[in-house]
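Here is what Swiss-Prot says about this protein:
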{"type": "SIGNAL", "residues": "1-19", "note": "signal peptide"}
{"type": "BINDING", "residues": "Y96, N140, A141, E142, N199, Y365", "note": "substrate binding site"}
{"type": "ACT_SITE", "residues": "E200", "note": "active site, proton donor"}
{"type": "DISULFID", "residues": "C205-C206", "note": "disulfide bond"}
{"type": "DISULFID", "residues": "C267-C316", "note": "disulfide bond"}
{"type": "ACT_SITE", "residues": "E299", "note": "active site, nucleophile"}
{"type": "CARBOHYD", "residues": "N374", "note": "N-linked glycosylation site"}
{"type": "CARBOHYD", "residues": "N456", "note": "N-linked glycosylation site"}
{"type": "CARBOHYD", "residues": "N625", "note": "N-linked glycosylation site"}
{"type": "CARBOHYD", "residues": "N707", "note": "N-linked glycosylation site"}
{"type": "CARBOHYD", "residues": "N763", "note": "N-linked glycosylation site"}
{"type": "CARBOHYD", "residues": "N780", "note": "N-linked glycosylation site"}
{"type": "CARBOHYD", "residues": "N917", "note": "N-linked glycosylation site"}
Amino acid sequence: MKLLSSWVVAALAAQAAGAAISHKLDGFTIREHADPAKRALLQKYVTWDEHSIFVNGERLMIFSGEVHPYRLPVASLYIDIFEKVKALGFNCVSFYVDWALLEGNPGHYSAEGIFDLQPFFDAAKEAGIYLLARPGPYINAEVSGGGFPGWLQRVDGILRTSDEAYLKATDNYASNIAATIAKAQITNGGPIILYQPENEYSGACCGYNGFPDGSYMQYIEDHARDAGIVVPFISNDAWAAGHNAPGTGAGAVDIYGHDSYPLGFDCANPSTWPSGNLPTYFHTSHEQQSPSTPYSLVEFQGGAFDPWGGVGFAKCAALLNHEFERVFYKNDFSFGVAFLNLYMIFGGTNWGNLGHPGGYTSYDYGSAISESRNITREKYSELKLLGNFAKVSPGYLVANPGDLSTSTYTNTADLTVTPLLGSNSSASSFFVIRHSDYSSQASVEYKLTVPTSAGNLTIPQLGGSLTLSGRDSKIHVTDYDVAGTNILYSTAEVFTWKKFNNEKVLVLYGGPGEHHEFAVSGASSSSVVEGSSSGISSKKVGKALVVAWDVSTARRIVQVGSLKVFLLDRNSAYNYWVPQVPTKGTAPGYSNQETTASSIIVKAGYLVRSAYLDGNDLHIQADFNATTPIEVVGAPSGAKNLVINGKKTQTKVDKNGIWSASVAYTAPKVQLPSLKSLKWKSVDTLPEAKNTYDDSAWTSADHAYTNNSAHSLQTPTSLFASDYGYHTGALLFRGHFTANGKEKTFFVQTKGGTAYGHSIWINETYVGSWAGTSINDNNNATYTLPTLQSGKNYVITVVIDNMGLDEDWTIGSEDMKNPRGIIQYSLSGQEASAISWKLTGNLGGENYRDTVRGPLNEGGLYAERQGFHQPQPPTQKWDSSSPFTGLTKPGIRFYSTSFDLDLPSGYDIPLYFNFGNSTSTPAAYRVQLYVNGYQYGKYVNNIGPQTSFPVPEGILNYHGTNWLALSLWAQEDNGAKLDSFELINTTPVLTSLGEVKSVNQPKYQARKGAY
């Protein structure tokens, strides 16, 4: 589209976004900005009314999942995630951008290599997935600093406010990232349809009285508009508070949205659903706060975070499981949600120190797609049922949500029904039923009374009862349109429907042991054309044919006129997929009326990625983890042959026109090295604890002040690491003094974030350690010193494990400025000023050396500063020793080895590095895992919980040499060693995924100035 001149753009962007005008499209009111020039500037591709968003003029339910590209730094794997999201029936992905990774050095923006967003955009477009861009500048996201680079600790102003110093600090990043996103907008042929400024701008504390500040939000929005952002702004209030909703003045967004995590994060008790946690007021609050925009849940719970010392993400997945999805997501549908984004759909990994101290390396999140990218959790399959239902139910978007009732629609107060009643545009109505006690595990029988075009009906009409099992919810439909055939009602849930040539197919499913009915208006008879007729009966009631059926594990197909109704149990429905078949080319395209209509129905196993027609050949791209029967329902009329993953497959066609075939799966032989048998070389990575060590090249901690406006000094000079440009990984401090012989004890308070630890030496004598806990982010300790000789020079060496910077979720808290380093200290018999300090972190600090792996990947250990964690380190003069032998005293040692892999091609083989502990009381030690130079694991043996570290192909070279390195930090008198350390695989998946390309893995080169 044609953009206006830059000065006009700037002028328009500075206007408040509160006012709106409307016009009519097919009977619906579409909201746009009041200023004609601004409307021209903004675009016509993405519009909205009170019911939904329109994309290219078509009403669209946006069903989305959260994916963070920076948590999967292998660009050729993006398509894998997008195709798995697409297969759910979803049409969108939301993504954050982590400022800390792109501007680690203030004023120097770098988004190249693994940080380049263009491959992410390209993969989304290839898969047919729209994007919501969420670049902050603040993102929270359980990343270090909430996405703020560490140097913001030195900004003299309150973060996330209109303080000039803070706003100026955001300018470079904000302009660059918005310009990048602008190029990928739908207006430029890209996938981005929405843009979120800021993140959860929802509350303040600690004496800050400037919230909410519309001028601050307006500044963030203007930056985006100035850089070319023209798609609508959407917000994500942390709760339904109405902040920055349209009409609120400066800083108002186009579409108001909010977040919700109703079941919380108590993964330790995955079967506990606390009373009162199911929201019931969202529709009411939406009508009060933003009635002119579609109801949007921009973050709704898709999993949970887990802290250090937690119970692990398997239990988070159990807490937020398939039952949670049925009850809570269908409850969201009862409010008429039109934009639903699940946080997370794929979590990924906090590699390279990018996480905050409240979490560990894994960011699996218990999400539908696991950290290792598998989709074996039942919640993925359950989500597929709902996603595909939404995709083929356009009437839902214009149905009117009503009030919940325990008496109007059922014959028992044990159940609650919320109606979404048909409108002038669509007669379809939807009735969301759940237990009144949403956590109930009881099975309740009921009858349903609902309004239909045939009058009020009490169902079942042919006898029997309906059943709602414990922790279940259903969406019953009435007057549901299937390509012109009116389904008067169905108590079984709709998975999908399609029209194929002159035939229509409707797929219904129910839970085990349930009884259901559906009725077809105008029909008079039915026949069972596949499967047993046992448990199926039909009768004409009024002007509709009613079919009653009992759920069975065996599929039945009932023919009613030109409609074939597939009757499935839920577990069987899990194996069905609905890939779009493009009319041109091989890419599925974005979801719209045309591409949805072109879809086929495929019964398969693990995953169906896509389908396309090439001449007479119907191609299906699919993944398999077992020998799998394949069925194709609705093969295109021109298709004669079935080609699966490039191989022509023998098929049979039954009397119902269903193609059947089989794909054989043979588990490949996967040969992995024994890590214990490898030749390991090692080097002391704490030479600082030797009397001969020279720290003259270190940074002098000589600031008699701090630039941290939120924390005052308690030491003669600042020992806050970020004051000197060190923000990530291990921090080392060396305090020099001349003894007077009176020194008996050393008191120190250190701060490194939750689960951190420290160790202290004086000269070469070990003084003690803080091994850390799962809840403490700082520690006060007094250590007894050996006898010191008067007049002799001594050095106190303090090593601190920086676990990341705190987030800044509440405005005014300034939590992100919580320092890392030494907060206070005292040496008995000496003034504090008698000690002169030096410090270091990663080599170069903000002028970080490894620009390929980014500003956070390496910390301040000697081996890291030298670059020994990279491939091909200079190990010729190192000791031959193994981490399985380890250290016999406190210290830190660095180990390196290499191994070759040549894994079977054509399989997606998840690999994990697993640590084991054979002692009942875990020893206190810490390990960093480096794979080809990338820090892909931070293991704290005495805190946990993570012991298994998945590393994706692309970081690991599946067909070549790999360099593996470990730092082993022993914090006990008897040292530490690894009891067990293995490389393992889980089930290989026969895959249609293309080649996975290894990321750039720069090898070791001697670093100028390294110390």
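Backbone N, Cα and C define each Cβ position, glycine as well.
Bear in mind that the values here come from a model prediction, so they are computed numbers and not experimental data.
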Please name the residue among the glycosylation sites N625, N763, N780, N917 whose C-beta has the most neighbouring C-beta atoms within 10 angstroms.
N625
For N780 (N-linked glycosylation site), which of the three DSSP-derived states applies: helix, strand, or coil?
strand
Looking at substrate and its recorded binding residues Y96, N140, A141, E142, N199, Y365, figure out the farthest C-alpha pair and report it in angstrom, whole number.
19
Among E200, C267, N456, N780, these being the recorded positions, pick the one whose CA is nearest to that of Y365 (substrate binding site).
C267
Those binding-site residues listed as Y96, Y365, and which of them has the most Cβ atoms within 10 Å of its own Cβ:
Y365
Looking at the recorded positions N199, N456, which sits with the largest number of other Cβ atoms within 10 Å of its Cβ?
N199
Using the alpha carbons only, what distance in Å do you get between N374 (N-linked glycosylation site) and E200 (active site, proton donor) once rounded?
30
Close in space, distant in sequence - E142 (substrate binding site), Cβ under 8 Å, 6 or more apart:
F305, N350, G355, H356, G358, G359, Y363, E807
Reduce the DSSP letter at C316 (disulfide bond) to three states and note it down.
helix
Where among the recorded positions N140, N374, N707 do you find the Cβ with the fewest other Cβ atoms within 10 Å?
N707
Close in space, distant in sequence - C205 (disulfide bond), Cβ under 8 Å, 6 or more apart:
T810, I811, G812, S813
Candidate with the highest Cβ count within 10 Å, taken from the disulfide-bonded residues C206, C316
C316
In which DSSP state, out of helix, strand and coil, do we find N707 (N-linked glycosylation site)?
coil
Pairwise CA distance, Y96 (substrate binding site) versus C206 (disulfide bond), rounded so that it is a whole Å
27
Per residue, counting other C-beta atoms within 10 angstroms of the C-beta, which of the active-site residues E200, E299 reaches the highest number?
E299
Hey, how far is N707 (N-linked glycosylation site) from C316 (disulfide bond), Cα to Cα, in Å?
40
Quick one: Cα separation, N763 (N-linked glycosylation site) versus N140 (substrate binding site), in Å?
41
Among the recorded positions listed here (N140, A141, E200, E299), which has the Cα closest to the Cα of N917 (N-linked glycosylation site)?
A141
